[in-house]
Amino acid sequence: MANHIVFFTLVALTLCHLAFAFEPSPLQDFCVADSTSSGIQTFWFSFSNMLYSTRPPKVNGLACKNPMNVQADDFFFSGLNIMGNTSNPVGSEVTPVTVAQLPGLNTLGISMVRIDYASWGLNPPHTHPRATEILTVLEGSLQVGFVTSNPENRLISKVLQKGDVFVFPVGLVHFQRNVGYGNAVAIAALSSQNPGVITIANAVFGSNPPIAADLLAKAFQVKTSVVDQLQSKF
């Protein structure tokens with residue numbers, strides 16, 4: 001009887017903690033994402049040499065694969081040595097390694113990306129709503145920067161060389177631009193397994209359905225024809 005009381009107490013405490021946590025600290029060794037799940041997260045834990053699972057109604061993360069079915073490949077990703085295709089209008093390509101590409105990242109609160117830049121290529125102004133980003137330059141020279149929140153909207157910017165490191169605080173609009181005539185490469189780590197990205201131009205001028213042109217014209221203090229032209233590009 002005492003064992004059952006302890007067991008149900010552990011389950012209750014687990015559910016209460018998860019219901020209010022934001023990217024909670026792991027309560028088990030790992031929680032490999034289960035791509036076949038319905039989306040409700042399952043937590044597996046052992047008690048009295050038995051394996052149990054709990055399914056809280058709503059938590060931050062993907063469902064856990066049964067740990068007995070986890071393999072080394074769940075923690076493995078290959079391909080960051082491959083250059084991204086920068087033949088696009090902005091001249092850059094991001095290769096992500098988030099929980100979508102590496103299931104073992106689930107609940108661990110970390111991910112990374114490789115960013116390739118053509119000569120004068122740009123990673124356009126964007127935000128990560130769920131992550132701080134720390135970036136280091138592997139090749140080339142990058143102008144990087146972020147903008148502080150209202151009302152100051154202060155631009156904090158610097159030119160980085162190979163081996164330099166720069167931090168973009170969570171949620172702030174930031175960018176990188178190759179300021180050299182050769183290719184540039186950077187690696188960045190982000191403090192979420194699913195950091196999200198909102199590219200400002202795409203979100204504002206390429207939303208679906210579109211934001212009304214007269215609304216954007218007033219917001220940006222330009223003619224509606226200018227907004228129409230911008231929206232046509234996205």
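Sequential numbering from 1, following the chain as shown.
Each residue, glycine too, has its Cβ placed from N, Cα and C.
Note that TrEMBL annotation is computational and uncurated.
Over in TrEMBL, the protein carries these features:
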- 1-21: signal peptide (SIGNAL)
- CYS31-CYS64: disulfide bond (DISULFID)
- 78-228: domain 'Cupin type-1' (DOMAIN)
- ASN123, HIS128, GLU133: oxalate binding site (BINDING)
- HIS126, HIS128, GLU133, HIS174: Mn(2+) binding site (BINDING)
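When the Cα atoms are compared, HIS174 (Mn(2+) binding site) and CYS31 (disulfide bond) turn out to be 31 Å apart. Taking CA atoms as the reference points, ASN123 (oxalate binding site) and CYS31 (disulfide bond) are 32 Å apart. Here the CA atom of CYS31 (disulfide bond) lies 23 Å from the CA atom of HIS128 (oxalate binding site). Neighbour list (GLU133 (oxalate binding site), Cβ cut-off 8 Å, at least 6 residues apart, same chain): VAL167, PHE168, HIS174, ALA188, ALA189, LEU190, SER191, PRO195.
Confidence for the domain 'Cupin type-1' (78-228), expressed as mean pLDDT, is 97.
The Mn(2+) site is defined by HIS126, HIS128, GLU133, HIS174, and by the 8 Å test on Cβ atoms against their centroid, the other residues of the chain that qualify are THR127, ALA131, PHE146, PHE168, LEU172, VAL173, PRO195, VAL197.
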